Amino acid sequence: MAVAVAAAGVLMGSEPGPAEELAKLEYLSLVSKVCTELDNHLGINDKDLAEFVISLAEKNTTFDTFKASLVKNGAEFTDSLISNLLRLIQTMRPPAKPSTSKDPVVKPKTEKEKLRELFPVLCQPDNPSARTMLDEEDVKVAVDVLKELEALMPSAAGQEKQRDPEHRDRTKKKKRSRSRDRDRDRDRDRDRDRDRDRDRDKDRERDRDRERDRERDRERDHKRRHRSRSRSHSRTRERTKGKSRYRSRSRSQSPFKDRKDREKYGERNLDRWRDKHVDRPPPEEPAIGDIYNGKVTSIMQFGCFVQLEGLRKRWEGLVHISELRREGRVANVADVVSKGQRVKVKVLSFTGTKTSLSMKDVDQETGEDLNPNRRRNLVGETNEETSMRNPDRPTHLSLVSAPEVEDDSLERKRLTRISDPEKWEIKQMIAANVLSKEEFPDFDEETGILPKVDDEEDEDLEIELVEEEPPFLRGHTKQSMDMSPIKIVKNPDGSLSQAAMMQSALAKERRELKQAQREAEMDSIPMGLNKHWVDPLPDAEGRQIAANMRGIGMMPNDIPEWKKHAFGGNKASYGKKTQMSILEQRESLPIYKLKEQLVQAVHDNQILIVIGETGSGKTTQITQYLAEAGYTSRGKIGCTQPRRVAAMSVAKRVSEEFGCCLGQEVGYTIRFEDCTSPETVIKYMTDGMLLRECLIDPDLTQYAIIMLDEAHERTIHTDVLFGLLKKTVQKRQDMKLIVTSATLDAVKFSQYFYEAPIFTIPGRTYPVEILYTKEPETDYLDASLITVMQIHLTEPPGDILVFLTGQEEIDTACEILYERMKSLGPDVPELIILPVYSALPSEMQTRIFDPAPPGSRKVVIATNIAETSLTIDGIYYVVDPGFVKQKVYNSKTGIDQLVVTPISQAQAKQRAGRAGRTGPGKCYRLYTERAYRDEMLTTNVPEIQRTNLASTVLSLKAMGINDLLSFDFMDAPPMETLITAMEQLYTLGALDDEGLLTRLGRRMAEFPLEPMLCKMLIMSVHLGCSEEMLTIVSMLSVQNVFYRPKDKQALADQKKAKFHQTEGDHLTLLAVYNSWKNNKFSNPWCYENFIQARSLRRAQDIRKQMLGIMDRHKLDVVSCGKSTVRVQKAICSGFFRNAAKKDPQEGYRTLIDQQVVYIHPSSALFNRQPEWVVYHELVLTTKEYMREVTTIDPRWLVEFAPAFFKVSDPTKLSKQKKQQRLEPLYNRYEEPNAWRISRAFRRR
């Protein structure tokens, strides 16, 4: 109103034109908005100050200059406030009118400026100090604690130091040297301290008991000495003591309140104290004797219920009418408190979830404890009860803030409840006016009869998604704006897309047919034979019959015949055979002739783009040439690979050529495995590992040359490395960057890297004839097999290469092709069928390099791995159906899915080129020329534009890169994907309300895991189950723990069932690892129980590395013992997005999108079907199956993900119930829909 009046006054006085009036109104609106921002952040609402800030922003249009001018004028604004003010002023300030012309010249905004206005959260200023912020905070906390310790030294020592100034100076010097020694020796002492933890914990318990006795004696002496003092003076002293205790509890920076705490922790354990207390979330349960703020939620005749604040979960307690106030008896509770009133209460006791509180012992104004003796008695009784309840509990668990969840369920079961018949009787008596409603046990004066708190687990709890957007994303999420899906297909209605959908349907039909055949075979087994199999002492005849019948359909001859024929049985030899020495092999590579030119090009240019076909020797030779040229004298030579198998195999080969042991001068680093040493000069690694090194050392100071190999694959890590290394080479002029690619799209790389020169390695290429189909093919798998048979029967000698999408498709094609060739008879020339996919053992993959025997032909059926990663000699014919399986992010479900999509034109050219390596060849494209031209993208969509970016955004934020819009991506990811990633990180607690990284987020970025696994592992530290969670995370990181051979499926299932846990699959994996550990990591034990020994050993290595990371960050590894509820809570805290509830009709429904899913048949919970579960991942076979499932309590979802879930309003119908269909009970006399009202009217 004031703004409007002021504006009106300005307009009346000067009588300007309409445009000027509008401009003044806009200016007044801007001033008001700036005043509001200043008031919100600083508590200053000054119009003159707002106008001064606006004038500064008009003169300084960039963030840096604006910030500098504010600092120069004495302003102490945060970066986020400065950014918001500048954006606000530049958006709302009316444009100045030029004096020379009537119409202002508006400069068109660039695309990036429009995006900055539309998504301000993605262009926050970078924070280069974010990498070291965590360490600085740790040091600051340690310094504050040391100051506290020094301030709490006895006063006598202080007086003595005052008398002796020289002694004080000497002490200061000693302190400085002692602090330096402490910093220097802390790492060395940490291992020694960990070994002494158990003994020290026992000593602490003894010291605690002695200290308690001493304190009682001191109190007795204190009373005896001061008995003569006046009562008013003692009351004042007690009040002061209570105030200081209350203040110290609310202050997070005062760790040691008295001498007992100082003796308990000591100086050497300051770091441990910091991580346990400063990093720890609010406690889950109230502590007896402590004082809490609370709010009155309901009023009863016998007292009131108060909800406690400052706890991790919702916790209510009862203040009995006798505990309301000290003065006199209370007749009516409503006279003392009212609903919604803020009060201060002391916790007297709690049993299960029933908590007894007191208001009369607390000063409601200051929070002072008016009866501290009662507090000591309560705590003493609790300690005695706890020690008597569980004497075998490890003492070191007392240092961890973990709830006693194992006792909750037991205590809750002991509570006496009113049975249903008793409730019915009471209701009938109320209806007959024998009892009044007020006497009903569950009566509430304001809301009427409600269910009791104790009946929570019996009632059907409804959980809903929180519809509120994160504060920094308001107006930008999918709730408030339509997000366009990622476009990975050029024409969704074209013939290629239709063929992909048709093939998916056919594959599903084939799977269902095989499953039906297996079920029919199992059903053919007569009933009642299982008792002979299970009986430990059966008669011989019955046992034999049972064994024979159980083996039906599972005999060794059930293994596909084509596999026996393809791999040649036990006599097969693996590996590419050659008669040349290693030196001759190196000299035969195409790159050898260009060795000198290549080294010179690297010397002359800081960035070099190298183009060469697969097999030219780029990966193995360039690093050796540069090492021989002396570049290793300045640092290491690093080479990245997109796949971990490639990094390992290439490093092994280069070490053989280099003449050293693997891990010495030549080594490799992959996730969870480091095979390097201080002598390593050539280091191969996955691109993700180099990205993690950038997190620690952004300038990569230990490297002289970085080589990004296979850059054409454009993995998500490679694209991020492009932007990071582009900055690094500008800072480090002595560093060299080499980017290699097997495709011919080098111009794009060159333009991105400052017009870097291109070095081309000429390869052996021959002309390739390309043939298209006349009509689109609906079943490309069948068309591929027909084409292979036609080539084999009609074309001249030469091997065939077929491209398919995945393992299942390849196995099916091999089986069908083998049967068809077998049906042609023995007169047809032999066709050797060889599959290639990543899950196949590497020694079997190498069989494709063996030449076919005379008079026969081999056909290699492979995934897109054969496009660029493999070079197979002798290929003259290529069959290209035109499809590939890609990982695509589904924004609806929030997960990545493998989807069959058409290839790009660049991939089609690459596949055709495979036929021209040995001689002139042919490429059979099983799609039309029009489809190639109109339905295929020019290049394939980079992974960064079609996958989930939560992990990438977390890494960039940890590096201090907050301005994601200004980050130099080669192909920028969609804004919608970045917004979704930040929303996910916010719900995990990794981002705060301003979109900046939290302390938890920095911890998460330190682990080489997915964000959900990181959250799960870090929360397990606070829940006191990190020992178990380390094992579970390690087991989840490996694949195929259980082995199920087709000839012993029943026995394998029986052995696996021994490890099944009622809580779910995560704890089943934990049981497997612990059993292996208890059997001394035995390989025979693995074979006996059908468990992959190699997978368990890999899990063991992963666990060791994760343990090292936790130790480095001082995160305690604590076991929860038999309290598996803690493990379930930790799993729920990380994977709450993957929660599902049992559906009344079929399977389960996910909470996030109501998708129908099912528990996988191999799960430990398959036959249990619990009400609520969380899953690790979804797998699409015949149905959408949940893998690695664990049961949960729905209340945990609200407890650990309050930003994502909430309890639905019980007075309204939830969304989930609205979607449910009403199914009437079966009635043989009526049709199913006869109960509907519409049918009743129709009958009339």
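Cβ coordinates come from backbone N, Cα and C, glycine included.
The annotation SUMO2 cross-link is assigned in Swiss-Prot to K140 (among others).
Swiss-Prot lists 152-289 (among others) with the feature region 'Disordered'.
As annotated by Swiss-Prot, compositional bias 'Basic residues' applies to 170-179 (among others).
The compositional bias 'Basic residues' annotation in Swiss-Prot covers 221-234 (among others).
According to Swiss-Prot, the feature domain 'S1 motif' maps to 289-360. Regional average pLDDT for the domain 'S1 motif' (289-360) in the model is 85.
Feature annotation from Swiss-Prot assigns region 'Disordered' to 361-396 (among others).
Residues or ranges marked as phosphoserine in Swiss-Prot (evidence: similarity to another entry): S419 (among others).
Taking Cβ-Cβ distances under 8 Å and a sequence separation of 6 or more, K423 (SUMO2 cross-link) has no neighbours in its chain. Under the three-state DSSP scheme, K423 (SUMO2 cross-link) falls in the helix class. Among the features that Swiss-Prot reports, SUMO2 cross-link is placed at K423 (among others), with the record citing similarity to another entry.
The phosphoserine annotation in Swiss-Prot covers S484 (among others).
The feature ATP binding site is assigned by Swiss-Prot to G612, E613, T614, G615, S616, G617, K618, T619. Classification of G617 (ATP binding site) by DSSP places it in coil, neither helical nor stranded. For G617 (ATP binding site), the same-chain residues 6+ apart in sequence whose C-beta sits under 8 angstroms from its C-beta are R586, L589, P590, I591, Y592, I761.
The annotation motif 'DEAH box' is assigned in Swiss-Prot to 709-712. According to DSSP, the secondary structure content of the motif 'DEAH box' (709-712) in residues is 2 helix, 0 strand, 2 coil.
Among the features that Swiss-Prot reports, domain 'Helicase C-terminal' is placed at 780-960, with the record citing sequence analysis.
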Binding-site residues compared (G612, G615) - the one with the fewest other Cβ atoms within 10 Å: G615
Do any residues, 6 or more residues outside the motif 'DEAH box' (709-712), come within under 8 Å Cβ-to-Cβ of it, and if so which ones? 618-619, 639-642, 646, 718, 739-743, 745, 749, 868-869
Taking the Cβ of T619 (ATP binding site) as reference, which residues of that chain separated by at least 6 in sequence fall under 8 Å from it? C639, Q641, V650, D709, E710, T740
Note the Cβ centroid of G612, E613, T614, G615, S616, G617, K618, T619, the recorded ATP site, then list each other residue of that chain whose Cβ lies within 8 Å of it, in sequence. L589, P590, I591, A742, I761, G763, T871
Taking 10 A as the limit, how many CB atoms besides its own sit near the CB of E613 (ATP binding site)? 21
Could you count the residues of the domain 'S1 motif' (289-360) that DSSP puts in helix, in strand and in coil? 6 helix, 35 strand, 31 coil
